[in-house]
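**Q** Sharing a structure with you now.
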Amino acid sequence: MKKENDSKVTEFVLLGPSSSLELQLFLFLIFLLVYMTIVLGNLLIVVTVRVDAHLLQSPMYYFLGHLSFLDLCLSCVTVPKMLGDFLQEDKIISFSGCLAQIYFLHFLGASEMFLLTAMAYDRYVAICNPLHYLTVMNRQLCFQMVFACWCGGFVHSITQVTLVIQLPFCGPNKLDNFYCDVPQVIKLACTDTSVVEVLMVSNSGLLSLVCFLVLLFSYAVILVTLRTRFLQGQSRALSTCASHLTVVSLIFVPCVFIYLRPFCSFSVDKVFSVFYTVVTPMLNPLIYTLRNTDMKTAMKKLRKKHVMS
């Protein structure tokens with residue numbers, strides 16, 4: 001028994017998406033391509049925003065740069081471990097490694113949820129109050145909003161780890177997922193976890209639901225404004241809002257489904273987990289940034305500058 005976690009369990013076994021060797025090799029190739037897309041796409045956006053003075057001074061691209069950085073880091077929490085497990089029979093993670101995954105997953109995930117909410121407010125001001133946009137969304141406010149997002153993610157993550165680390169684990173140690181997360185881990189505790197599961201719902205489930213409802217409300221106001229004012233470029237703005245809502249739904253709906261129901265779990269949870277840990281970090285660059293004309297122009301300048309140097 002280890003004194004630091006008061007538990008006989010020193011490692012967990014990850015069951016993964018499938019037990020078939022052929023399917024695991026196929027999934028390895030698929031997720032490897034997806035991971036390379038995530039890393040290259042988000043890294044390109046971060047570098048482009050940082051080196052282009054015009055984009056860096058824009059509140060929207062300031063937020064998008066942070067979103068890409070969060071997506072890049074979030075994918076590194078779960079995907080590399082999953083890719084390695086596809087190639088080996090024993091899918092094992094240490095107790096400390098499991099806690100680290102939980103910490104960084106919730107830290108980055110919650111920070112991204114808060115950031116998406118801040119970005120929805122930014123779009124609301126840009127569309128509904130365009131004449132005062134740069135005055136309202138000044139540099140200081142943008143920095144404060146991003147800093148608050150990171151702080152909110154830190155507080156949320158520390159709370160999640162605290163819920164887990166105080167529980168005793170004495171077996172079994174098999175997690176029905178491809179990474180460590182609170183809902184699966186607390187079900188292995190050798191004690192009554194009803195209070196912990198309620199706290200988990202209050203922390204993760206309600207956080208996801210509230211942020212999602214705020215986002216839906218802000219985009220609803222934006223759509224109503226576009227419909228009543230007949231702004232120039234209305235169809236483009238409507239298409240952008242629809243794309244944003246699609247990506248936002250792929251993040252928040254799985255989180256609400258997984259974290260807002262205590263005392264039960266379903267086999268489909270692993271499928272939902274893939275959406276907000278793998279799919280959305282890949283789609284965010286495509287939906288939010290790479291289709292944007294200003295971003296394309298900045299990337300062309302960056303490429304020409306690199307070729308000339």
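Even glycines carry a Cβ here, placed using N, Cα and C.
Since we're looking at a predicted model, the values are computed, not measured.
Copied straight from TrEMBL:
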type	residues	note
DOMAIN	41-288	domain 'G-protein coupled receptors family 1 profile'
TRANSMEM	25-49	transmembrane segment
TRANSMEM	61-80	transmembrane segment
TRANSMEM	100-121	transmembrane segment
TRANSMEM	141-165	transmembrane segment
TRANSMEM	206-226	transmembrane segment
TRANSMEM	238-260	transmembrane segment
TRANSMEM	272-290	transmembrane segment
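I'm curious about the neighbourhood of these features; can you describe it?
**A** The list of residues near the transmembrane segment (206-226) in space but at least 6 beyond its ends in sequence, with Cβ under 8 angstroms from a Cβ of it, reads 110, 113-114, 116-117, 120-121, 123-124, 127-128, 156, 234, 237-238, 241, 244-245, 248, 252-253, 255-256, 259-260.
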**Q** Quick one: do the transmembrane segment (25-49) and the transmembrane segment (272-290) have at least 3 Cβ pairs under 8 Å, skipping pairs fewer than 6 apart in sequence?
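**A** Yes, the transmembrane segment (25-49) and the transmembrane segment (272-290) are in contact.
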**Q** Give the mean pLDDT for the domain 'G-protein coupled receptors family 1 profile' (41-288) on the 0 to 100 scale.
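**A** Taking every residue in the domain 'G-protein coupled receptors family 1 profile' (41-288) and averaging pLDDT yields 86.
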**Q** Relative to the transmembrane segment (61-80), which of 100-121, 238-260, 272-290 accounts for the most Cβ pairs at distances under 8 Å?
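**A** Answer is 100-121, with the largest number of Cβ pairs below 8 Å.
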**Q** Can you tell me which parts of the same chain pack against the transmembrane segment (100-121), counting only residues 6+ beyond its ends and a CB-CB cutoff under 8 A?
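**A** For the transmembrane segment (100-121), the sequence-distant neighbours (Cβ-Cβ under 8 Å, at least 6 residues beyond its ends) are 60, 63-64, 66-67, 70-71, 73-74, 77-78, 81, 93, 145-146, 148-150, 152-154, 156-158, 160-161, 164, 179-182, 185, 204, 207-208, 211, 214-215, 218-219, 244, 248, 251-252, 255, 276-277.
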**Q** Is the transmembrane segment (272-290) packed against any residues at least 6 beyond its ends, judged by a Cβ distance under 8 Å, and which are they?
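**A** Residues 17, 31, 34-35, 37-38, 41-42, 44-45, 64, 67-68, 71-72, 74-75, 77-79, 105, 109, 177-179, 181, 243-244, 246-247, 250-251, 254-255, 257-258, 296.
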